[in-house]
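If you check Swiss-Prot, you get these features:
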SIGNAL    1-22  signal peptide
DISULFID  Cys64-Cys98  disulfide bond
DISULFID  Cys68-Cys74  disulfide bond
DISULFID  Cys71-Cys100  disulfide bond
Amino acid sequence: MGVVLPTLIVYAFLLFFSSSSAASLQRPSGGLGQGKKEIARSGLPGQIVDQKRLGGPGSVPPMCRLKCGKCEPCKAVHVPIQPGLIMPLEYYPEAWRCKCGNKLFMP
């Protein structure tokens, strides 16, 4: 009885730590939009950068074909929507727009 209890405690710790380390090493195999590459607008006007983002509701880019009129190429971009406040904010909601040249169009 004196050896059984410490042995059980050692096995419990080994089981706990091995399962927690395996869970932390495991990579997600697919959630909503993981690893999707999309085009996002940076804070500077006119600059567009590629970045990886996690998807969520509304994260699918719109079909921009025929949305920019005769202007080509018409591409979907993520842009911050700035409220009409005088003081700049640190966070702006984002929305999809269709961009051709320097013009943005509603999708």
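Placement of Cβ uses the backbone N, Cα and C atoms for every residue, glycine included.
Just so it is clear, the model here is predicted, and its values are computed rather than measured.
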Which one, from the disulfide-bonded residues Cys64, Cys68, Cys71, Cys74, has the smallest tally of other C-beta atoms lying within 10 Å of its C-beta? Cys71
Highest CB neighbour count within 10 A among the disulfide-bonded residues Cys98, Cys100? Cys98
Taking only the disulfide-bonded residues Cys71, Cys74, Cys100, which one has a CA atom nearest to the CA atom of Cys64 (disulfide bond)? Cys74
Three states by DSSP: which one describes Cys100 (disulfide bond)? strand
Three-state secondary structure, Cys74 (disulfide bond) (per DSSP): coil
What's the CA-CA gap between Cys71 (disulfide bond) and Cys98 (disulfide bond) in angstrom, rounded? 11
Inter-residue Cα distance where the pair is Cys100 (disulfide bond) and Cys68 (disulfide bond), in Å: 7
Can you tell me how far the Cα of Cys98 (disulfide bond) sits from the Cα of Cys74 (disulfide bond), in Å? 6
